[in-house]
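Student: First, the structure itself, so that you have it in front of you.
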Amino acid sequence: MSLWEYANPRKFMALSGKLLPWTAVGAALLCCVGLIWGFFFTPDDFRMGSTVKIIYIHVPSAMMAINVWVMMLVTSLIWLIRRHHVSALAAKAAAPIGMVMTLVALATGAIWGNPMWGTYWAWDPRLTSFLILFLFYLGYMALWEAVEDKDTAADLTSVMCLVGSVFALLSRYATRFWNQGLHQGTSVPVATGERTVDDVFFIPLAISMVGFAVLFVALVLLRTRTEVRARRLAVLNARERMSA
Amino acid sequence: MKALLLRDLRLAIRAGGGFGLGLAFFLILATLIPFGVGPQPDVLASIAPGVLWVGALLSCLLSLERIFALDFEDGALDLMASSPLPLEGIVAVKSLAHWLTTGLPLVVAAPLLGLMLNLPSQSYGWLLMSLLIGTPALSVIGAFGAAITVGLKRGGLLISLLVLPLYVPTLIFGADVVRRAGQGLDASVPAFMLAGLTLGAVAIMPFASAAALRAGLKGS
């Protein structure tokens, strides 16, 4: 019994079929609780007023935008090293979700930025590196679409993901060097555990962060299952054409 | 490897006009910018470092596709891949040939265009230096983009989408060197960063490009 068993598409489909309803319901519940709590049952911030409530979408989506790329990096590595097809398909399935999360983070940031900073967009290091991350997602997805042979597409996109990760990190530090930012530092540092957010805001925020993460798991399972089925359908079609 | 380098250089210079094209593009870009932003000398002086670097980057992009596409079409790339030379070495030599025919002419032409854009006089040395140490990174990173898109039908369009985000750190440090020099600040910090970036890219990117080439050649 090892984790690699679930690289077998049949086993993966059985397990993910069982997990999918649970994760979907869990994501719906957590997001509802976190967002409704955050939107309606928290006090306004003394400086930012009610605009602070955007944080319940902005921070979770920004967190997921980065973590989805990390997940794609891991699955790409698994594909390159162990050649498990499900892994490559999971990376393919995750990319559009990550792109949407990046877009949501940028859009909510712009909406929040206008009343707070007086501008929708500033060439701040954090904003800029998210824009670059968005471009990386675009390129990655375009590459999947452009290559016809499926295994070659998986190979090329995996290499692209590895190189992209290195350069995304480099860009992050390069932009920090390049311009001083408007964006505040993180309020929820995971490493040190010293929060600058009060519990009143933090608990619903934490719930919606977990909710977004579970939502991503549910979506990625669903999309990977679709990809596996599409692959099976292509095989069946090819077989039919061969026999006809 | 030396034979391959000489062959690539000869092909680039003699056949197809790819050699001068990037340079002409660089010149046209530097001519168009004043039409777009107006002829005020102080405005031009403040944007000149960025314009020159972006121009160098774009004209480098123009000729990237040629690194592998022509050899792929006539089958020479398959022969090279099956030759005793390591594919990483072939990629490195081809990137070097690309730099010698694209990057180096850009370095030489840049001060002239800087003159057109009213670049502050103390920046010329740093402009030359930053392009000299920065453009090799553009070539090796670009070779990776060319390797990924080799054999694809819409490769030309895709290559810009894939490569340009990878150029961001190089552009930031490169243009920052020239900008700081123009303001009379110490430009050595971004110059060292740029040098580190180039050395890292030269060391790592040929391996990534070779991996991409192997996957691409296997699939076609």
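Glycine too: its Cβ is placed from the backbone N, Cα and C atoms.
Curation plays no part in TrEMBL annotations; they are all automatic predictions.
Pasting the relevant annotations from TrEMBL:
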- A:4-183: domain 'Cytochrome c assembly protein' (DOMAIN)
- A:20-42: transmembrane segment (TRANSMEM)
- A:54-81: transmembrane segment (TRANSMEM)
- A:93-113: transmembrane segment (TRANSMEM)
- A:125-144: transmembrane segment (TRANSMEM)
- A:156-174: transmembrane segment (TRANSMEM)
- A:201-222: transmembrane segment (TRANSMEM)
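What does the local environment look like for each feature on the list?
Tutor: Taken together, the residues of the domain 'Cytochrome c assembly protein' (A:4-183) have an average pLDDT of 89.
With a threshold of 8 Å between CB atoms, the same-chain residues lying at least 6 positions outside the transmembrane segment (A:125-144) that come near it are 62, 65-66, 69, 72, 92, 95-96, 98-99, 102-103, 105-106, 109, 153, 156-157, 160-161, 164, 167-168, 171-172, 175-176, 178-181, 183.
Away from its own ends, the transmembrane segment (A:201-222) comes close to residues 16, 19-20, 23-24, 26-27, 29-35, 37-38, 41-42, 45, 52, 55-57, 59-61, 63-64, 67-68, 71, 90, 93-94, 97, 101, 188, 195 of its chain (Cβ-Cβ under 8 Å, at least six residues beyond either end).
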Student: Any residues 6+ beyond the ends of the transmembrane segment (A:54-81) with a Cβ under 8 Å from its own?
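Tutor: Distal contacts: 34-35, 38-39, 87-88, 90-91, 94-95, 97-98, 101-102, 104-105, 108-109, 111-112, 130, 133, 136-137, 140, 154-155, 157-159, 161-162, 165, 168, 188, 201, 204-205, 208-209, 211-213, 216, 220.
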Student: Using a Cβ-Cβ cut-off of under 8 Å, list the residues of the same chain that are 6+ residues beyond the ends of the transmembrane segment (A:156-174) and lie near it.
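Tutor: Contacts with the transmembrane segment (A:156-174): 69, 72-73, 76-77, 79-80, 88, 91-92, 125, 129, 132-133, 136, 139-140, 143-144, 147.
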